[in-house]
Structure formats: structure tokens, C-alpha cells
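What TrEMBL lists as region 'Disordered' is 1-23. Under the heading compositional bias 'Low complexity', TrEMBL lists 10-23. The annotation transmembrane segment is assigned in TrEMBL to 70-96, 116-141, 232-256, 262-282, 294-316, 322-340, 361-380, 444-474, 495-521, 527-547. Feature annotation from TrEMBL assigns domain 'CBS' to 691-752.
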């Protein structure tokens with residue numbers, strides 16, 4: 001049996017990449033990492049508490065005042081996260097509504113003056129400039145701000161540390177880039193970027209600000225460890241969804257169901273408190289916006305689609321169309337995920353050629369989108385304004401259900417009413433009640449097709465872009481189309497069919513149930529639809545699961561994030577942990593020569609090292625514990641050495657404070673390459689015992705790999721020591737890291753499992769396939 005030769009979670013290229021790469025400060029601009037791509041290495045996070053002698057002594061010395069300060073500051077940080085994220089969410093919505101509002105008002109005025117050529121020029125040019133600006137700041141300032149950000153945050157909460165995703169410049173680019181990208185009429189949303197924004201705010205507050213830009217707050221530096229930051233980032237993700245959809249309970253459930261890999265009751269209370277703060281602050285701004293001082297469109301763009309109907313009733317005859325919506329949503333959702341995955345991989349070939357190609361791709365998508373959006377309404381026939389509408393028809397100078405476009409007086413263009421609005425207002429039009437005769441079949445079908453494909457092609461560009469809102473728009477459009485087909489044979493109005501369609505497409509693409517159900521209920525203010533929404537979500541998720549995974553998991557896999565799933569693959573039960581560890585293993589003695597420590601640290605990228613005691617410190621070789629690379633570097637930095645191989649005990653502990661071993665901010669950790677030692681110091685000794693985690697998680701080498709995976713994920717480990725079954729052997733066999741649980745690594749070591757796996761799935765192997 002071979003031993004563990006490296007600590008792959010610290011190396012490491014994404015699993016789909018065949019070429020190693022050096023660690024960079026930022027993430028790859030590309031939305032995916034495929035074979036041969038040059039992407040940054042990824043490390044794991046230390047969620048496990050290192051219970052060494054120094055840690056225990058520090059906790060014993062803490063007074064009640066310090067413990068109270070710790071608990072109080074955690075709640076205070078949650079309050080700050082809620083306030084800041086709500087302010088950002090309000091400013092985000094307000095900016096989008098005003099930027100897009102100016103564009104649509106100027107274009108509409110030119111259309112009214114019959115200056116169609118100039119209207120198209122203004123419309124396409126403004127979209128082009130906004131898209132160009134978003135792609136430029138993303139490509140040059142923070143490539144990690146590209147895309148939704150939800151896959152990165154989800155991977156972080158799973159234990160994957162992707163460089164640069166929570167930096168201050170990523171936060172700034174995410175906010176500004178999302179505003180300009182959404183305002184440019186691209187079919188992208190701002191919900192995903194808001195989740196990433198909330199996580200960035202939480203991470204920066206948790207580490208006490210940004211040392212790189214001189215924005216540091218010493219009074220916030222109580223949570224300088226991965227474990228506390230994970231809790232704060234979870235609260236930030238919940239706050240992001242709450243700010244995007246004004247859905248506090250849905251935000252908490254979204255963080256629980258989709259984002260977090262680890263949960264406890266205290267975290268539930270803090271995330272709920274954070275979401276409540278966001279909801280209260282947004283409510284205050286909404287009251288102000290009702291006075292009409294917030295923007296050109298609506299009440300400031302804060303999403304709320306009131307589909308409530310006091311007299312709603314549905315009967316058994318309404319169930320078949322609802323079932324059909326669920327099945328359609330599952331099929332379309334899985335097809336949507338399949339196409340998006342393929343398009344992202346194609347875009348990667350373009351993005352890998354350089355920044356010029358990335359920006360050119362974004363601008364090309366913008367030009368194509370502008371031509372399509374401006375040209376399609378010309379194919380829709382003009383409809384006479386209804387006489388019984390409570391809204392002005394046609395709608396001029398603001399958002400509304402009846403856009404005039406090229407039509408004569410007292411007529412409106414139903415397709416333009418959907419296209420020449422922001423995505424939020426398009427959803428509001430589709431969800432609106434008492435508008436069963438507003439849209440034609442052809443217009444809804446054209447709009448659905450446009451949304452479906454444009455949202456796929458728009459996501460992969462180098463700009464902040466979300467998927468939530470485009471998926472809602474697409475689902476609402478085909479839901480409305482089903483309502484048109486059913487007609488008067490159903491007691492549900494067409495707006496409610498649009499709500500159910502959005503739910504089914506969300507379930508088919510994102511595969512969530514509980515959180516989506518609550519988000520939709522809070523969005524639409526219609527509790528009476530609860531049974532039907534639950535039904536379509538369950539059906540669409542079940543149908544879609546038969547084809548592929550949810551959209552965020554597919555993106556994480558394409559990016560190469562070593563994400564640990566909640567379940568173990570069946571072939572993992574055929575293997576033991578001893579079958580997957582690879583060697584050789586790096587060990588330290590309890591009292592080690594400084595030169596040996598320096599040599600190992602400089603010639604390997606391991607992040608955890610077993611510490612063993614041998615005679616005369618013990619009767620036989622015994623595993624004392626595990627010491628982290630960062631702690632070793634700190635010991636060497638302070639030069640707590642002795643001239644002889646004797647235990648130093650409490651003497652060495654007095655030279656350190658708790659802050660010395662706290663986790664530094666992103667990219668601020670000390671490196672062994674920056675330390676210099678004399679020849680005399682290299683011959684001295686360092687006592688590792690007080691700083692070694694004496695109670696690391698260990699498993700015997702005969703434990704099944706599936707069982708070890710569950711332990712590794714549920715506890716949030718970075719290292720899992722494998723000890724021998726027979727005590728006469730070496731005290732440790734190897735170290736299991738995140739990399740050892742990846743299918744690519746396991747099947748690479750045991751290729752005979754590949755064919756059995758394919759046979760179980762009843763997939764025929766291609767003739768060219770070789771094991």
C-alpha cells in the first residue's frame with residue numbers, strides 16, 4: 001500500500017485541468033475550467049478547531065467579559081451585514097431602474113416621434129456602452145466578479161477556498177458591474193450577484209476589513225478563523241437573497257437548502273436575524289419610494305409581484321394543466337442546464353485567448369441582443385386598447401402593460417410591453433391579474449424562445465450576471481402560454497399560470513423545493529397558491545433529476561471546484577480509505593530540528609503534517625497529533641528555538657498571543673520563502689507539542705471510503721488521518737484530503753471501477769474508450 005505523497009487540496013489545479021498552474025491572486029476570468037485551461041490553484045479551508053495546548057490555555061484564560069464580547073460582536077456583525085447588504089440592494093435596484101428607465105424613455109420618445117432609426121441607434125448604443133463598461137471593469141480589475149457568484153460561495157461554504165472571490169475590489173466590481181450589465185438589456189439577473197455581494201460584505205467584516213487598502217478595524221478582529229467566517233458568509237448569502245427578492249424567510253431557507261454544507265441552530269437564528277434586518281431596512285425605503293421620489297419606473301425597482309387574488313378558487317379539473325406545467329418545467333429545466341453547460345465550455349475557448357476576446361464576446365452578445373429586442377416587436381400586430389383597463393393605454397414614459405412602440409393611437413404592442421421593460425417589470429406584467437386578453441399566443445411564444453436562449457448566451461460573458469431572474473421570466477412566459485391554451489376551461493387566471501410556470505422552471509433548473517416555494521410565496525403575496533406551487537416544484541425537480549444535476553452544481557464541476565456531495569457514490573463502498581491514499585507521507589517528530597522543518601516546508605505544499613513521538617519521549621512510536629503549515633511558519637518566524645532536543649513546555653507558549661495564530665486576510669499570510677535563518681539556527685530544535693492539535697480526526701485504514709466521506713463533509717475537515725489496523729506498524733498510514741474523495745482521483749487509481757460504473761448506469765462505452 002502506498003503512502004500519501006502530497007496534500008492535493010493545497011496544490012492544486014481544478015480537476016478538469018491537465019496542466020498545473022501557479023497560485024494567483026484572482027480567479028480565472030473564464031466561467032469554466034476545462035482541459036488545458038490555465039486557472040488558479042484551489043485550497044481547502046480549516047473549519048476544524050485545532051485543539052492544541054496553546055488553544056486550550058487561551059480559552060481557559062478568557063474572562064466572562066471576553067466571552068460576552070465574542071457573542072455580542074457576532075450578533076452585531078450580523079446586524080451590520082443586514083444593514084449594509086440592504087443599502088447595497090436598494091441602491092442596486094434604484095440604479096438599474098433609473099439607468100434602464102432613461103434608456104427606455106428616450107427610446108420611446110423617439111418612437112413616438114416616428115424616428116425609428118434614431119431610436120434603434122440610441123437603444124443599441126446605450127446597451128453597448130453599458131455592456132462594454134461592465135466587461136472592462138470585470139476583466140481588468142476583478143475577473144473573480146464574473147458570473148453569478150453563487151457557485152463560488154457554495155463551494156466556499158463546502159470548504160473550498162478560491163482566491164480573490166471575497167476581496168474588496170471583487171465587491172466593488174460586483175456591485176457596479178451588476179448594475180450596468182442588468183441595465184444593458186442583457187438577459188441577466190441581479191439576484192445571484194447580490195448573494196455574492198452579501199458574502200463579500202460578511203467576509204470583509206469578519207476579517208476586520210481589508211489590510212491591502214488600509215481599511216482595517218481592530219475592534220472587529222475577533223473572528224479571524226475559517227469557522228467563524230463561514231458562519232458570517234452564510235448569513236451574508238441569506239441577506240443577499242433577502243435583498244434581491246424581499247424574501248427574508250426564503251433567504252434563510254435558500255442558505256440552508258442550497259448554499260450551506262454545515263448547519264446548526266445558532267446559525268439559523270443569526271441568519272434569520274440578518275434577513276430580518278434586511279427586510280426592515282428595505283421596508284423603510286419602500287415607504288419612502290411610494291412617494292414617487294425613487295426613480296423613473298415604479299417604486300424604485302424593489303421586486304414585489306402582487307399576484308394576490310382574494311377570490312381565487314381551483315378545482316380538480318385544474319390539476320391536469322398544473323401537472324403538465326410541472327413536467328414541462330422539469331424537461332425544459334434540464335435542457336436549459338444542458339445547453340448552458342455546453343455554451344459555457346464553448347465560451348471558455350474564446351476567453352482563454354485573452355482579454356480582447358473576452359470583451360469582444362461580451363460586446364457581440366450585446367449587439368445581437370439589441371438587434372433582436374428592437375426587431376422582434378415589429379413582427380407583432382397592434383392591438384386595440386381595452387376599454388375596461390385601470391391603467392393608461394398606451395403606456396408612455398414609464399413602465400406598464402401597454403407599450404405603444406410603432407402602433408397608432410389607442411393601440412399597443414403586446415410583445416414590446418414585455419421586451420421594452422426591465423426584467424422585473426416584464427415579470428410583473430406576466431404575473432398581473434385581470435389581463436387574460438392582453439397578450440397574443442404568438443407574442444408569448446416569441447418572448448419565451450427569446451428569453452430561453454438569450455439568458456443562456458448572456459450568462460457566460462465576462463461580467464456579473466445572475467440566473468434567477470432570467471429563469472423566472474422564462475418560466476413565467478411559458479406558464480402564461482399554457483394559461484392561454486387552457487383558456488376559460490380553468491378557474492385560474494393567466495397571471496397565476498405564469499406564477500406556476502416560473503415555479504416549475506425554477507424547480508427544473510435549480511432543483512430546490514422548500515426555499516423556492518417560500519420565495520415565490522413571498523414574492524407574489526399569494527398564500528392560496530401554496531398547494532399548487534408545492535406540486536409543480538416536486539414534479540419538475542423529480543423529472544429534471546432524471547436527466548442531469550442542478551445548474552450551480554454543473555457550473556461548479558465545470559469550474560473544477562472539488563465540491564463534496566452529500567451522498568457517496570456506490571463504488572466508494574467497495575473501497576477502503578487505505579485504497580486511495582498515496583505517498584510518501586511527510587512526518588515531523590515532536591521535537592524537530594529547525595533545518596528539517598524549513599526543508600520540508602520549502603520543498604512541499606502540504607498544509608498539515610502528522611507529529612509523532614518516538615523513544616525516548618515515548619516507549620514506542622505514537623501519533624501525537626497534527627500541526628498546520630501556518631502554525632509552523634509562525635513558530636519559525638518567532639524563532640522559538642532551543643539548542644538541545646528537550647521539551648520547552650510552557651516557556652515557548654509565553655512568547656505567543658492568540659492573534660499570532662489567527663487567520664490572516666486573503667493573500668496576507670506569511671510564507672516560508674520570506675524567512676531567513678542562519679546556519680546556527682538551522683541546527684537548533686523547535687518543540688511542536690504545545691502547538692500540535694492533539695485530537696485530530698482519525699480513521700482506521702479498513703474504513704469504507706463512503707463512510708469516511710460522510711464524516712469528512714459533515715464535520716468540515718481539511719485533513720483526516722488514516723491509522724493502521726495493526727498497532728505494530730507505523731502510527732499513521734496517510735492523510736485523506738478533499739482531493740482523495742474526488743471521482744477523478746479514485747477512478748484514476750482504480751480504473752476497473754469505471755466500466756462497472758457505466759454498466760450499472762446501463763451506458764454503452766464507446767469503442768475508442770480505453771481503461
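Residue 1 is the first one shown; counting continues down the chain.
Here the Cβ of each residue, glycine as well, is placed from N, Cα and C on the backbone.
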May I ask for the residues of the chain that lie six or more residues beyond the transmembrane segment (262-282) and have a Cβ under 8 Å from a Cβ within it?
47, 74-75, 78-79, 81-83, 85-87, 89-90, 157, 230-231, 234-236, 238-239, 242-243, 246, 248-249, 251-252, 255-256, 302, 714, 716
Cβ-Cβ under 8 Å with the transmembrane segment (444-474): same-chain residues at least 6 beyond its ends
29, 31, 131, 134-135, 138-139, 143, 145-150, 173-174, 177-178, 180-181, 186-194, 196, 244, 332, 336, 339-340, 343-344, 347, 351, 358-359, 361-362, 365, 368-369, 372-373, 376, 379-380, 415, 418-419, 423-424, 426-427, 430, 480-481, 484, 502, 505-506, 509-510, 551
Residues in the domain 'CBS' (691-752) per DSSP class, helix first, strand next, coil last, are 24 helix, 12 strand, 26 coil
The transmembrane segment (495-521) vs the transmembrane segment (116-141): 3 or more CB pairs under 8 Å:
no
Mind checking which residues reach the transmembrane segment (70-96)? Cβ under 8 Å, same chain, six or more beyond either end.
175, 178-179, 182-183, 190, 194, 197-198, 201-202, 205-206, 220, 222-223, 228, 231-232, 235-236, 239-240, 242-244, 270-271, 273-278, 281-282, 285, 294-295, 300-303, 422
Should anything in the same chain at least six residues away from the transmembrane segment (322-340) have a Cβ under 8 Å from its Cβ atoms, list it; otherwise answer none.
452, 456, 459, 471, 474-475, 478-479, 482, 497, 500-501, 503-510, 532, 535-544, 546-551, 554
Local confidence of the domain 'CBS' (691-752) - pLDDT mean:
87
